[in-house]
Structures are given as C-alpha cells and as structure tokens.
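Undergrad: One structure, pasted below without further comment.
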Amino acid sequence: VAICSPLLYSTVMTKRVCMQLVVGSYMGGLLNSLTHTCGLLGLPFCGPNVINHYFCDIPPLLQLACSDTHRNETLLLAFSAVIALFTLFVITASYMLILSVILKIQSDDGRKKTFHTCASHLTAITIFFGS
C-alpha cells in the first residue's frame with residue numbers, strides 16, 4: 001500500500017487493521033507452538049536427557065523420545081512448509097505489485113527513487129530465503 005498507493009496508506013492502515021495483523025500473527029505463532037508442545041508432551045522420554053545443542057529445539061527433543069515420532073516429524077514438516085510457502089507467496093505477490101507500479105512511473109528519476117526505497121528490503125528477503 002505504501003508504494004502502490006501512498007495516498008491511501010493512512011486510510012487503509014487503520015489501527016484496527018494493524019491490530020488485526022498483529023493478532024493474526026500472534027494466533028498463527030500460538031497455534032504452531034501449541035501444536036508442537038502438545039505433541040511433545042505426549043511422547044515418553046527414557047534414557048539420557050542431555051541435548052547436545054546450543055538451544056532446545058524440536059528435532060533434538062524428538063531424538064530423545066523412545067517411541068515413534070513420525071507424527072511429530074510430519075507435523076513439523078507440514079507446519080514449516082506451510083509457513084514458509086505462505087510467507088514467500090505474500091512477499092512475492094507484494095513485490096510483483098510494487099514492480100508493476102514502478103514500471104508504470106514515467107520519469108527515470110522517480111523510478112530509481114522508488115526502486116531504491118525497496119531495494120534494501122528486497123536484498124534482505126533474497127538473502128533470507130536464499131540461505
């Protein structure tokens with residue numbers, strides 16, 4: 001909205017919309033973490049309880065379980081794939097819209113300024129998804 005329709009930004013991005021975006025993000029994170037936590041709570045752990053990692057993550061915990069963890073691994077893969085693909089889709093779609101607006105700008109100077117506004121964020125996104 002800020003690049004494609006800058007004059008409509010304050011009209012579209014009301015406090016209500018911002019709160020809905022924040023609550024939606026938190027609810028998605030809560031659903032993701034609760035699913036994995038409840039799945040891990042149902043697993044029996046026996047034997048060594050030392051995790052040879054810097055921080056406690058789901059795959060090392062699954063290795064300590066002494067029962068079948070296929071369901072947990074499937075949930076982990078599914079949630080990770082859905083979150084990554086949804087994020088990639090939203091970012092790609094927004095940059096396609098931004099690119100179409102940039103290409104419609106008549107002046108070279110205006111096109112350069114608008115592109116340079118997005119270039120640093122686009123570089124960071126490319127590095128993040130590329131690594």
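Just so it is clear, glycine is given a Cβ too, placed from its N, Cα and C backbone atoms.
As annotated in Swiss-Prot:
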CARBOHYD  Asn72  N-linked glycosylation site
TOPO_DOM  1-16  topological domain 'Cytoplasmic'
TOPO_DOM  42-82  topological domain 'Extracellular'
TOPO_DOM  104-116  topological domain 'Cytoplasmic'
TRANSMEM  17-41  transmembrane segment
TRANSMEM  83-103  transmembrane segment
TRANSMEM  117-131  transmembrane segment
Undergrad: Are there residues at least 6 beyond the ends of the transmembrane segment (83-103) whose Cβ is under 8 Å from a Cβ of it, and what are they?
TA: 3-4, 28, 32, 111, 114-115, 118, 122, 125, 129
Undergrad: What counts of helix, strand and coil residues does DSSP assign across the topological domain 'Cytoplasmic' (104-116)?
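TA: With helix first, then strand, then coil, the topological domain 'Cytoplasmic' (104-116) has 10 helix, 0 strand, 3 coil.
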Undergrad: Let me know how many other Cβ atoms fall within 10 Å of the Cβ of the residue listed as 'N-linked glycosylation site'.
TA: 21
Undergrad: Is Asn72 (N-linked glycosylation site) helix, strand or coil when read with DSSP?
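TA: In the DSSP reduction, Asn72 (N-linked glycosylation site) maps to helix.
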